[in-house]
Amino acid sequence: GAIKPVVTFTPNWGNIIYYDNVTLTCDVPSTVPEESRTYHWYKDKGPIPGDQQRLHITPSRVEDRGDYQCRTIGGDISDPVFLNVTKSRVILQRPPSAIYEGDPLTLRCHHVKDFNAINTKFYKDDQEIQSSESDSTFHIPNITRSQSGLYKCTKQIQRIDHSNVHEHSDVSFISVKGKLKSYIKLYP
């Protein structure tokens, strides 16, 4: 059977704030011949304009939220990948794909443009795990299943032209899946 293409995001976040830019790429196996590489894009199962390998969403709008898929001529369609575009002031960003044991994981506490931000804090299951004046990311180099849980970030932000500071937060449940083991039967 044919190998399905995979939709990837650059930057690799499954959730973004409106007006952020994102590029979707239709990654196809190198075995697909060049002449078959006309791309078709779909959002929520309906065709959308775009016949290139990359689909640029700049700037994003809330209406861009949905499941994206791609395929090449005569090829299989990719699995859907969900892009969430929100009007929140602060969001906890995570990769769009499943997270497996042993993978590195980076979470980002991201805020809306035209705001200054200070004092980013990360929590897991209501326990503070990192606090920083300037660093908006939390990194786990080698995640384990025991690190599954409810992650939260808070950030104090203010409009560039105002003095009021407000704290905003967002949460995301991170479920770490076990690595798939492959078994090879050896016959004597």
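Including glycine, each Cβ sits where the backbone N, Cα and C put it.
Residues annotated as domain 'Ig-like' in TrEMBL: 5-86 (among others). Secondary structure of the domain 'Ig-like' (5-86) per DSSP (helix as H, G, I; strand as E, B; remaining residues coil): 6 helix, 39 strand, 37 coil.
The domain 'Ig-like' annotation in TrEMBL covers 88-172 (among others). For the domain 'Ig-like' (88-172), the DSSP counts in helix, strand and coil order read 3 helix, 51 strand, 31 coil.
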